[in-house]
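K.L.:
Below: one structure in structure tokens.
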Amino acid sequence: MRSWLRQHGYALKVALRRIIQTPFSSLANILVIAFVLSLPLIAASLLVSLEPVTRTVSVNPAITLFMKDTLSLDETNELSQRIRADSSDLIQMIEVVDKNKALEDLKSTPAWSESLSVLPKNPLPHAIIVTLSNSGQDFVNSERVLALADEFAGYDEVDLVQFDSEWVQKLQAIMTFIKVVLVLLAIGVSVVVIATVFNTVRMQALVQRDEISVARLVGATESFVRRPFLYFGAVVGFVAGIVAILLSSFALMLLNNSIQEVISQTYDQPFMVQLPETFWLIFSIVLAMIVAAVAARWSVTRHSKF
């Protein structure tokens with residue numbers, strides 16, 4: 001056990017010495033890997049920060065029908081029953097909103113109470129809120145749902161038809177797009193890390209060709225020869241992962257400073273893009289180390305056969 005630890009300690013020292021001996025080349029490799037690692041980290045941060053937003057709102061799209069002023073509450077109820085009977089397979093729930101109750105609710109809001117108190121009569125119409133079934137995932141773009149909205153708009157009793165929650169569907173589409181981009185970025189990052197470490201280790205193996213040959217002549221095993229290169233790749237991946245997290249934090253800080261005021265003013269609620277949890281940050285560093293070490297092993301295996 002002590003011998004095993006001594007061998008790995010020696011390999012780590014050799015790897016660190018090689019990094020220190022070529023500071024500019026090592027720094028360039030680390031920065032390149034860190035930059036490409038920061039891209040999926042930022043995308044993952046956006047995904048993690050947007051998920052709570054979609055969980056706090058209804059994902060079932062709704063169609064709101066505003067009645068004409070001349071329509072009574074009884075007539076509105078009759079229309080809602082007719083809609084339920086005609087389109088029961090698409091409808092999850094129908095709610096009739098009494099204009100008098102809606103007015104009272106608005107009056108209880110400080111922003112509206114003073115303005116509504118001076119009006120001679122209730123300006124609000126009766127309304128019907130049709131919540132659609134969530135049996136599918138493409139509600140808003142569904143031709144059947146759009147045809148249903150057009151059908152509602154054609155009723156003589158209806159003055160205006162409005163979609164609700166459409167922005168939620170767009171937000172979910174954006175999140176799906178981010179997930180796809182995240183997968184593509186992960187693949188691209190792996191390719192860049194492998195190519196960078198592979199080429200660096202190839203150059204080191206060629207430069208140290210004589211040293212490797214002498215080591216083999218005195219009985220060094222292939223594992224002993226390759227081990228420092230593996231540690232070199234792992235150390236580069238580790239440092240690049242740390243730098244990538246720092247770069248991502250700085251980028252998100254700039255992003256939050258630019259969007260926080262706009263989001264707060266527009267939606268009256270705070271929104272901040274944050275890095276994933278510590279576990280996933282550690283996982284990304286470990287993954288970078290593994291990919292870099294595998295690339296180093298592949299390269300030294302191919303270019304140390306002499």
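Yeah, the Cβs are placed from backbone N, Cα and C, and that goes for glycine too.
Pasting the relevant annotations from TrEMBL:
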DOMAIN    63-161  domain 'FtsX extracellular'
DOMAIN    184-302  domain 'ABC3 transporter permease C-terminal'
TRANSMEM  27-48  transmembrane segment
TRANSMEM  173-198  transmembrane segment
TRANSMEM  229-255  transmembrane segment
TRANSMEM  279-300  transmembrane segment
K.L.:
Average the pLDDT scores across the domain 'ABC3 transporter permease C-terminal' (184-302) and report the rounded value.
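P.N.:
When the pLDDT values over the domain 'ABC3 transporter permease C-terminal' (184-302) are averaged, the result is 83.
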K.L.:
Could you break down the residues of the domain 'ABC3 transporter permease C-terminal' (184-302) into DSSP helix, strand and coil, giving a count for each?
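P.N.:
Summed by class, the stretch gives 104 helix, 0 strand, 15 coil.
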K.L.:
I need to check the long-range neighbours of the transmembrane segment (27-48): which residues 6 or more away from its ends have a CB within less than 8 Å of a CB in the stretch?
P.N.:
175, 178-179, 181-182, 185-186, 188-189, 192-193, 196-197, 200, 236-237, 239-241, 243-245, 247-248, 251-252, 273-276, 280-281, 284, 288, 292
